[in-house]
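Pulled from Swiss-Prot:
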BINDING   251-258, Asp290, 309-310, 325-330  ATP binding site
DOMAIN    135-364  domain 'Histidine kinase'
MOD_RES   Tyr215  phosphotyrosine
MOD_RES   Tyr216  phosphotyrosine
MOD_RES   Lys376  N6-succinyllysine
Amino acid sequence: MRWFRALLKNASLAGAPKYIEHFSKFSPSPLSMKQFLDFGSSNACEKTSFTFLRQELPVRLANIMKEINLLPDRVLSTPSVQLVQSWYVQSLLDIMEFLDKDPEDHRTLSQFTDALVTIRNRHNDVVPTMAQGVLEYKDTYGDDPVSNQNIQYFLDRFYLSRISIRMLINQHTLIFDGSTNPAHPKHIGSIDPNCSVSDVVKDAYDMAKLLCDKYYMASPDLEIQEVNATNATQPIHMVYVPSHLYHMLFELFKNAMRATVESHESSLTLPPIKIMVALGEEDLSIKMSDRGGGVPLRKIERLFSYMYSTAPTPQPGTGGTPLAGFGYGLPISRLYAKYFQGDLQLFSMEGFGTDAVIYLKALSTDSVERLPVYNKSAWRHYQTIQEAGDWCVPSTEPKNTSTYRVS
């Protein structure tokens, strides 16, 4: 019996390329925050969600799986990247099991929800596993500018795709699992229709402060100010995913606290971290200002690179600082902001400090998923060969101008 099951599994895996080729021909269908809310309202229909997801999830999976295969062979050959590929193939095959199932069958709907939970759990370690694959590549082959450029382009799209897939899965499983989260009874899935921005700021600060106090025995205070240009008498609320906002803020607080404490280690007091939350007609902006010494301009873009980290990668059991890691915190935080058409930018003054600004859409109708699509434009990006720059490169040695003197 065991050999028969193995035979069936191998037959399924053999069919994976056919499914990838088919579903990658379709473009993903981005949803707005308002559509997510409508989808999960009191009259939400599990059958409708099932019918949508069994088509949409394969499209999103297949699109990004086509791009994985465009990575340099040296990256694809690393054990960690191969493991991630196997997870994606298995998840696609899991959903294919429901392609012809009857949505009127309650058992089918229950099995589909269980399958989504399995897929979500399978992909829990995708980020650190892919990060390990990049490290394996760097350790073996060193730095290659062309490959680095392609890896940066791919990982931005890959992780953004992952965020979107988990969003779809979380909405379905949280809404249709038959229970309500007692801690957040008014949430629609993972979305808070009335999210208090300052409350999320405080939660993220408290957790980062806990880590900072534990490691450094000190931490900067927090000052929060709100400016509501649409209604000056009301606190600022928005429709958003609190866990996404928390992720961004927690990462920024960790960086700000680490920089502040380390740059003022000889001082008796630490300058506070200041938060400004501003709501306008189009944007909701959150600015975090620290006095952590800042970063040189030439290093700003590096902070968003997956190939660069300001701290050594922590090894299990070594007691490394909890405020550092793979160096993926900022790049992925920016992707969370971009996912619903926002952004995360850094403005630094070396010798003084850094302002980090999170830009989000104020209206739920404007908060639309930003999704990668596999097409000729994406394919061409991976085929691009880095050419010589069209700007002069300053010499590292000062030029001897005496050779140009007229005798």
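Cβ from N, Cα, C; glycine included.
Taking a C-beta cut-off of under 8 Å and a sequence gap of six or more, Tyr216 (phosphotyrosine) has these contacts in its own chain: Met257, Val261. The separation of Gly329 (ATP binding site) from Lys376 (N6-succinyllysine), Cα to Cα, is 30 Å.
The distance from the Cα of Glu251 (ATP binding site) to the Cα of Tyr215 (phosphotyrosine) comes to 16 Å.
Just so you know, of the recorded positions Lys254, Lys376, the Cβ with the fewest other Cβ atoms around it within 10 Å is the one at Lys376.
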